[in-house]
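To start, the structure itself, in C-alpha cells.
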C-alpha cells in the first residue's frame, strides 16, 4: 500500500461540513461528532503507515485554524487500512470493485455511491434482507429501494453476489449497454430483483413509502393472532439529493404520520452532490427534520467500515414498531480512491485507468476486473438455499393459514396474483339514454364505490380535494396509523408525494390497484410520478377532475389547456376523457384491465347529458361512431369530440342533418386505444377519403392535425383561460356548436 496514497486519502476524509451535519445532542440516538478545541490534540490516523512503518501524523499547523471552525466527520477517525482483511472487508471491496470495473468498462456511470455505500449494502443484503434469489417475486420478501438510483451498480453488485439470474457476470460487464439487464438507473421491468424504477431523485423513497403502506394495510387485514402471514420490511437507501427534493419530504411526512414502522431508510450522508460540497445549498439539520416528521432517527458516524455500528442501527430500527426509522450513515463518497474520494469528481464519471490502479493499490485489491474471490463467492452462495427455505417455510405457513381462514386466504391469493374476481365488470354502472345527466366526476364517484365492493385491494384517495374530486369510498374509513386496514388514503396537499406513493403501492404486488385524485391542472405537480408510472408499467389510476375551462370562476391558474396533449404525447399512458356515464364506466373498465400502464381520467365539473350511442364497449376501442346518417362509409363530414364537447358535436350534427348533410359523430375518448386498433377498424371510423373533418375540444389543438388531417379544422383553445362562469367562457372562447357548424359548412 503506497504511503502517498494513504496520506492523500486521509486528508480527503477531513470534514468539510459545518455544525449542521451533526444531529442535536439531546437525543440518545445523536452521537455528536469530534470537535477540536484549542487544547485538543489532532487525531492520529493509526491505520496509515509510512514507508518507515511509523504512524502518519497529519500536519498540524496548516489545518489548525480550519479544524477549530469545523467538525471532523466521524468517518475520518476510523482505522482506514487494517493490517489484516476479514471476509467482510473482502466482500465489501468486492462490491466496490464490481461497481468500479463496470463503470470503467462502460466509461459511464456513478462509482462514488457504490464505493461509499458498499458497507451498508453488504450488511443489509447479507445479514438482514429476506429474499429468494431464484424467485424475485416471492410475496413475503423484504423490499429494497435504491432511491439514489444513479448508484445502481451497488444494487447490481449485490444482486450478483446474492445469486440473482438477472445480474450474472456478463450482465455487469454490459452495464449501461444496449439490451442490458443492468441499465444506467434501476428499472423494475428490466432487472428482476429491482422493485421499482428510480432515477429522478426523491421518487424512490416515496415509492418505498407506498411499498410500506401496502405491507401495513395487508398485514392489518389478513394477519391473525396465531399467524402473521404478511410480515416484511421495506428498506431504502437515499442520498443528499433525495433529501433535497420536495417529493421526498412530502412522502416522508406521510410515512411519519402513518407510523410505518416497517420502513427503514438508510441515508447516505456523504455531503457531496454534482455541484460539489452540499454546504453550498443544503445546510439544514436532516436528523431534526425527520424527528419532527415523526421518524425514529439514528446516526452511524462511521459508514466506511463501521460494520458493527451499521448492524446495531438496523437492529434498533427493527425494534421500533410505531414509526419509520431514518439511519443517517456518514460515509465517504468514492471511498478508497486516493485522489477523487470525498469530491464531486467521483460522483458521475468513471475514475479513469490511473485512478482505478491507485484505488486497487490503496485498498489492497490485486485482482483483475470483475473478480469475485472464492471466499466471498462461497459466503454469498448460501443465500440461494436460504432464500428457497424462507419461501418454502412461508408456503407451509400459508397452507396452514388457508386451512383455518379459507375466505381470507382466497382474497389474499387474488391480491398476490392479481387475478380479478369473476364478474367484477358487472359492478360498473350502466346508464339508459333517458337517465339524468351529471358531471363525469359524479359518475366517477359511482364507479369508485362500485369497484370498491368487488376489487379487494382497490385503495386510494385525494390530495386534500376529496369533496371536489368525489373520490371517497363511502363504505370504508381512512387509512391511518391506528386504522391501517381501511382503504381511503388521505394524502393532504401533496400531489408530488401522492403519485409517487401510489407507484409504490402498485409495485408491491399485482393485485394492489391504487388510484389518486386531484384537479387535472395539478398533474403539473405530479408529472414525474406519472411518467415513472408509465415507464415502470405500473397500474395507477389518476382521477383528474375539473378537466377544462368548464371549472369556471377559479380562472386560468386552475384551467388545464395543454394537459390533454401532453399526456397523449407521453408513452405508455392511457389518456381517457369520457363524455358521459357509459364512457366513464368504460374508462374505469379499461383502467382496471390495463395492468401494465397507468390511466389518466379527465373528468368534468359541469353536468353533461347522457348521449345516445355511447357505450362501455366503445371506450375499449378508443374511438368509435356515436351517430351517423351516412351510407357506404362516405359521410359528407365527420365531427369529432371528447368529454364535455362531444355533446356539442352531437348538437352540431343534428343541425347539419336538418340541412341534408350526411354527418358522422365520432367519440375519441382515448387516442392511444384508437391507435392500437386494426387499420380496417380505423378506416371504418375515419375513412381516409373523407377529408371534411372538424374536431372540438376545450383544450389545446396541438396534435389534432393527426385526426382532422391537413384539410380539416380543429376547434380548441390555444391560449390560457379566464375567470368567468363556464357558459360565458365557452361562448367567449368559441367552444360552441355554432363554431362546429360554421367550420363544417366551410369544408363541405
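Cβ from N, Cα, C; glycine included.
If you check TrEMBL, you get these features:
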type	residues	note
BINDING	110, 347, 441, 468, 546, 554, 558, 605	substrate binding site
SITE	110	site 'Important for catalytic activity'
BINDING	150, 199, 200, 201, 241, 270, 347, 522	thiamine diphosphate binding site
BINDING	240, 270, 272	Mg(2+) binding site
SITE	347	site 'Important for catalytic activity'
DOMAIN	438-610	domain 'Transketolase-like pyrimidine-binding'
ACT_SITE	495	active site, proton donor
Packing count at residue 441 (substrate binding site) (other Cβ atoms within 10 Å of its Cβ): 23
Site of maximum Cβ density within 10 Å, from binding-site residues 201, 272: 272
Residue pair residue 546 (substrate binding site), residue 522 (thiamine diphosphate binding site) - Cα distance, angstrom, rounded: 10
Candidates 110, 241, 270, 468, 522 (binding-site residues) with Cα within 10 Å of residue 495 (active site, proton donor): 522
When distances run from the Cα of residue 110 (substrate binding site) to each of the binding-site residues 150, 201, 241, 270, 272, the nearest one: 150
Shortest C-alpha distance to residue 270 (thiamine diphosphate binding site) - which of the binding-site residues 240, 554, 605: 240
Cβ within 8 Å of the mean position of the Cβ atoms of 240, 270, 272: remaining residues of the chain near Mg(2+): 239, 268, 269, 271, 273, 278, 333
Integer mean pLDDT for the domain 'Transketolase-like pyrimidine-binding' (438-610): 98
C-alpha spacing of residue 272 (Mg(2+) binding site) relative to residue 150 (thiamine diphosphate binding site), in angstrom: 14
Cα distance (Å, whole number) from residue 347 (substrate binding site) to residue 240 (Mg(2+) binding site): 12
Most Cβ neighbours inside 10 Å, all chains, among the binding-site residues 347, 546, 558, 605: 546
